[in-house]
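Enquirer: The feature compositional bias 'Low complexity' is assigned by TrEMBL to 17-28. Taken from TrEMBL, the feature domain 'ABC transmembrane type-1' covers 314-412. Per TrEMBL, domain 'ABC transporter' is recorded for 446-692. The feature region 'Disordered' is assigned by TrEMBL to 1-51. Annotated transmembrane segment per TrEMBL: 123-145, 165-185, 239-260, 266-286, 355-377, in sequence order.
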Amino acid sequence: MTSAGTQERPGPGAPGPDGASVSRPGAGSPAGSGGNPMTKSAERAKAPAGGRRVRGFFGRVRMAEPQVSDAERELFGGPLRYDMGWSEHEHAQLDLTMLSALRSMPGLVGATLRMAWQANRRALLAVTVSEVGQGIAAAVGLLAVNAVMHALLGSGTPAERLHAMLPGLAVAAGAAGAGSVLAGWSTARAGRLEPLVERIATTQYLAAAASVELEAIEEPEFRRLIDVAQYGAASARRMIGACVASLNGGVSLISTAGVLTVLHPALLPMLILIAAPRGWGAMRVAQERYVSVMSWVEHVRAGRLIGNLLTERTAAQEVRIHSVGPFLLGRYERMAESAEAEQERLASSKAVTEWVAAALSGVAMAATYGTMFWLIMGGHMNLAVAGTAVIAVRSGSASLGALVMNVNQLHEESLYVRDHSRFLDEAARRTIPRGGGPVPARVGQVTLDRVTYRYPDRADPALDEVSLTLPMGSVTAVVGENGSGKSTLMKLLSGLLLPQGGTVRWGDAEVASLDRSQLFDRVALLTQDFQRWPVTAAMNIRIGRPAHEAGPDDLMPSVEYANAGPVLARLPEGLQSLLARVFRGASELSGGEWQKIGLARTHWRSSTATADGVLIVDEPTSALDPQAEIAAFDRIRRLASPDLAVVLVTHRMSGVRHADRIYVLHRGRLAEQGSHQELMAARGRYAAMFDAQAAQYAPAPVVPRPAPPTVADPA
Ligand SMILES: Nc1ncnc2c1ncn2[C@@H]1O[C@H](COP(=O)(O)OP(=O)(O)OP(=O)(O)O)[C@@H](O)[C@H]1O
């Protein structure tokens, strides 16, 4: 058996969608993992024992609803359920039987081998040759042992018999040596193959995820598929190991079976009888483990989420000041106890299953030896053959047991690999189309004409027949209350979303017919939650147009434009300072300082543009102090140039009054439009919003303070 076949699966700790780390089932035995500090309690008595699981011992393992602890009910109103990959497999996996596993084998092995072939065909060939070679070496070794037995139990003096044994011993030693050399070679080549396969699968996954339409990313169903598929790459890697181990088991089994058949035809069925209970036991333990993890992991998820909250930086203040720490810790312990009880139950159940399998196998072994005894006594088998048969039966039953386990593992891993390919297919269908017409260098203006857009899971449209025009060189403001459709409008403008009704035109060209990557190239984006890349300050600016080479001097105009000089001056390495708190020696910026870096990035992108474009600025000043905010709005307005249209989305009304044109959205519809003066004169929504904000800054009326109560002099 090669070490590749016994690869360690990753333990618990894969990050969940919200940062709470969860393990996927099968990735380590629940009985052996966990690592939670757990305490004993009365709750263990209520633990999800056999009652939740309806099964006869030899029947199918069934899944029932996991029990939920009081603490989970109190905190989450029920169990925490992520839409993770393995929960999708609940039923598929439970159909796992020897037959279904064997039926799906050829397809699975074929798919994995194709990936391995694509990764490194030489390594794949080497692994195959060495595994087949090991099987042949094992068969030769057994035959040599048979020759040794014959010599040992044959006629002649002890010296003559020893002498007769020597050739057989030499062949057996040679076969063992060749087998171990081949095993080492196989391990080394499989070790080369596995990371390559994982890389290919990971690259496919990441590339597909990065190139799908934004609409797909925002769809819960597709997001779920992304989460589900993330385990596919590691599973593909493990499938290589399982394939190698299965090949090894298969070849060893065939060679042992061949030798046994040559020795005596009755021995082969006996071998199967010995190994079958062990195979059943392995399969059953795997099923039980899966079903158990399904219920156990619910508690672990909840517990880990709480654990993360206790250590998270963002929660640190409330954890301390509101005494949330001891409260959550208590709930954490109660959830951990539920998980512990389930793991304990599983360990006992596993022990019973293994014991029953071993007992059945022992009975079959006794029957085999009894048959051999009977054959020897009846003169149908000589002692030398019987000795070889004992060795062959032992190694053959080990090979068969390992084969069953590896086929089982192959089946389990294939569920995740299948998700991976399902995701790739779906992503290919939803990928941003390549090609399309070129975006003209000079467009004059960008126009939205009665644009309508409704999110898939919403009844009402987020935008309903909205029309507006953005002339190059102008500053346009879009205002409206929360949820009025401003951000959706920006996504349509930038080409991230395509309108479901109406048209978006760059000059005369309709966006739907244009090359989208060229379109993205024309858009600059500065949003409130712009990406804070964990790279150097210089790269955080340059990443606005990463393909454009830039030295520190090239970036200085952008730094100066954003007034980010004083921010950089405070950093230990200036522009070369790493802005990633998680790494050693890195610096952290405040929200306002980051916004200056964001502004510099936007300037860098705009200043390196060579054709007409649109700059979208969405709530750019939320973290800036009042003075910095005034300066930032002024700077953003100054960015408008003959080849750039600036669109400003903000709730700060003071920032929009100088815009050339202001559009007011209300519940997805265009409610008003005009200049500041026109809209104020119209006394509509805009004027009401402006006045409401202005009133906050008006001098407060003097409210007379009530006279202090007179206290009677006790004297
Ligand atoms: N990804 C999405 N999926 C479903 N509905 C969405 C999605 N994004 C936004 N919406 C809904 O569309 C409507 C418009 O949202 P949008 O984000 O465009 O408003 P907004 O004016 O930018 O709001 P805010 O001022 O709060 O940022 C809202 O009702 C919102 O709930």
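Residue numbering: from 1, along the chain as shown.
Cβ coordinates come from backbone N, Cα and C, glycine included.
Help me understand the surroundings of these features in the structure.
Expert: Within the chain, the transmembrane segment (239-260) has long-range Cβ neighbours (under 8 A, six or more residues past its boundaries) at 1-2, 4-7, 108-109, 112-113, 116, 127-128, 131-132, 134-136, 138-139, 142-143, 146, 186, 190, 193-194, 197, 267-268, 271, 388-389, 392-393, 395-396, 399-400, 402-403, 406-407, 409-410, 413-414, 417.
Counting only same-chain residues 6+ beyond the ends of the transmembrane segment (266-286), those with a CB under 8 A from a CB of the stretch are 26, 61, 96-98, 101, 256-257, 260, 350, 353-354, 356-361, 364-365, 367-368, 371-372, 375, 389, 392-393, 396-397, 400-401, 404-405, 408-409, 412.
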Enquirer: Would you mind listing the long-range same-chain contacts of the transmembrane segment (123-145), meaning Cβ under 8 Å and 6+ residues beyond its ends?
Expert: 2, 4, 113, 116-117, 168-169, 171-172, 175-176, 178-179, 182-183, 185-186, 189-190, 192-193, 196, 244, 247-248, 250-252, 254-256, 258-259, 387-388, 391-392, 395
Enquirer: Could you give the number of helix, strand and coil residues in the domain 'ABC transmembrane type-1' (314-412) as assigned by DSSP?
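Expert: With helix first, then strand, then coil, the domain 'ABC transmembrane type-1' (314-412) has 90 helix, 0 strand, 9 coil.
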